[in-house]
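Features reported for this protein in Swiss-Prot:
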- 17-25, LYS40, 93-95, 140-143, ASP156: ATP binding site (BINDING)
- ASN143, ASP156: Mg(2+) binding site (BINDING)
- 356-422: domain 'PASTA 1' (DOMAIN)
- 423-490: domain 'PASTA 2' (DOMAIN)
- THR2: N-acetylthreonine (MOD_RES)
- SER166: phosphoserine (MOD_RES)
- SER169: phosphoserine (MOD_RES)
- THR171: phosphothreonine (MOD_RES)
- THR173: phosphothreonine (MOD_RES)
- THR294: phosphothreonine (MOD_RES)
- SER295: phosphoserine (MOD_RES)
- THR309: phosphothreonine (MOD_RES)
- 299-323: region 'Disordered' (REGION)
- 2-332: topological domain 'Cytoplasmic' (TOPO_DOM)
Amino acid sequence: MTTPSHLSDRYELGEILGFGGMSEVHLARDLRLHRDVAVKVLRADLARDPSFYLRFRREAQNAAALNHPAIVAVYDTGEAETPAGPLPYIVMEYVDGVTLRDIVHTEGPMTPKRAIEVIADACQALNFSHQNGIIHRDVKPANIMISATNAVKVMDFGIARAIADSGNSVTQTAAVIGTAQYLSPEQARGDSVDARSDVYSLGCVLYEVLTGEPPFTGDSPVSVAYQHVREDPIPPSARHEGLSADLDAVVLKALAKNPENRYQTAAEMRADLVRVHNGEPPEAPKVLTDAERTSLLSSAAGNLSGPRTDPLPRQDLDDTDRDRSIGSVGRWVAVVAVLAVLTVVVTIAINTFGGITRDVQVPDVRGQSSADAIATLQNRGFKIRTLQKPDSTIPPDHVIGTDPAANTSVSAGDEITVNVSTGPEQREIPDVSTLTYAEAVKKLTAAGFGRFKQANSPSTPELVGKVIGTNPPANQTSAITNVVIIIVGSGPATKDIPDVAGQTVDVAQKNLNVYGFTKFSQASVDSPRPAGEVTGTNPPAGTTVPVDSVIELQVSKGNQFVMPDLSGMFWVDAEPRLRALGWTGMLDKGADVDAGGSQHNRVVYQNPPAGTGVNRDGIITLRFGQ
């Protein structure tokens, strides 16, 4: 299935502006309102997948509910009917601009002032979204645009969820491999998320626009996700010169691992950004520099040593006291020695035999993306082995289950096999051409497919009621859960012949081409029309015929004139009039007719009748009154 060039007879699609994980965005023209728009269309290969179809519709619902100047507006939604089924689309405001990702990649880090202004506007957009019950869940530089007028626009609520539905992991609705650098720790663990998760992701974006790189990078999404959960970010000022400690404080508070330690709303984060922009200290705690940290530790160490005291005066001991003192010291030395030996023995035992193992319950990671599931299991101390399997119910790169199974108690450090879905089993579509629909269903069922839909399409007469193709096509692999559209021949397409009388042959043929007719013949006919002009067709205009029919164009010889009304005229007046029209033929004067005295010698009968075509060299019959 391909994307049509027009949607709902209103939107004319133009160039592709970009691609997403499940859609493509076109520049389009709204033919009704005469304005440019951006149209997001679900990828044709995903349109038949119910999970992607529902997710795309959820994006439309979420985005349409958000009317804010810093959020890309949604104008319309709909579904285009195609031979393969409905194709959903979203019509959005067209923003002529660039994304933060493109700006950082081409121009490098922003100035602190500009970065604060941009992210503060993004905070307003997200706060509005959160107040309306929608968490974005995929905040990243590629989803924030700067328009040609420097307006900030947050877009792509493709995996957004209502807050009431946020108990599900982000990865239960979309793979996050492409956005691992902006995941919150709770997203990386597969825990439930709330508005503070968007705050963390926006903190990652602020970090990147200030320094030119995200807070965490790695060789794989799993390693990046692990850092989000376990590692502290390097302060931005240590990555890029010219950044203040106050700006460090705002960024690092947004990037707090524990959501309770972050800004609780995007509005709080914006308020601190405004303070820093105005030269005021933020409410976020200041981050100590290395020098300040060293000075503080040195001061603390000095306080722990305590005030200096003078030594006690030495006292002389007698022999008994001296022996008692020596004996006491000896006993304490022995005790300390024994404890030291025990410590060494216990340490060796732990290192040698692994110490006391503890049982850990295997978490339930079914339905999570493989990256999130692996991070969750590794955080529990498990070793991981992955095994890929086809599955009709779990999306690709998401977890089918684990071995041992979820909620099983195992020893910490054990190996867990993570069964990762490759999606529904793929099989080859057999060729069912020329079969009946029932025969085609039987053959496709034997090949492992189980969902079918019939579509009719014009065909040659001999293929009426026979299969002329499938979608997906024969010999192409497809998921066994996909609907196979069986296209049955309905015979030649039919059209009504339009009226082309009065047109030249070339113009008439072009107009007939518009209706689908391509086969023509010509016949010269007597006609008063100018020579070469079409007088009609055979079959006549208005007749419904197959589009592959031969249409005969009847072309005027230009050899006739229209017979005038000669009634009541004397012959001496009638003849010049006929000659003036080009008549060169003979007069057939019939017997006079008794028509009363007033009609004496006047025309009382003519053949051909008035208004009909007469050959210029033809015979005209007239009768006169007596």
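Here the Cβ of each residue, glycine as well, is placed from N, Cα and C on the backbone.
Feature annotations (Swiss-Prot) mapped to structure.
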residue : record              : Cβ within 10 Å
LEU17   : ATP binding site    : 15
SER23   : ATP binding site    : 22
LYS40   : ATP binding site    : 27
VAL95   : ATP binding site    : 19
ALA142  : ATP binding site    : 19
ASN143  : Mg(2+) binding site : 24
ASP156  : Mg(2+) binding site : 24
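ALA142 (ATP binding site) and ASP156 (Mg(2+) binding site) have their C-alpha atoms 9 Å apart, to the nearest angstrom.
A separation of roughly 14 Å, to the nearest angstrom, links the Cα atoms of LEU17 (ATP binding site) and ASP156 (Mg(2+) binding site). Secondary structure at ALA142 (ATP binding site), taken from DSSP and collapsed to helix, strand or coil, is helix.
Mean pLDDT for the topological domain 'Cytoplasmic' (2-332) in the predicted structure: 80. In the domain 'PASTA 2' (423-490), helix, strand and coil residues by DSSP number 13 helix, 25 strand, 30 coil. DSSP states for the domain 'PASTA 1' (356-422), grouped as helix (H, G, I), strand (E, B) and coil, give 10 helix, 27 strand, 30 coil.
A strand conformation is recorded for SER23 (ATP binding site) in the three-state DSSP classification.
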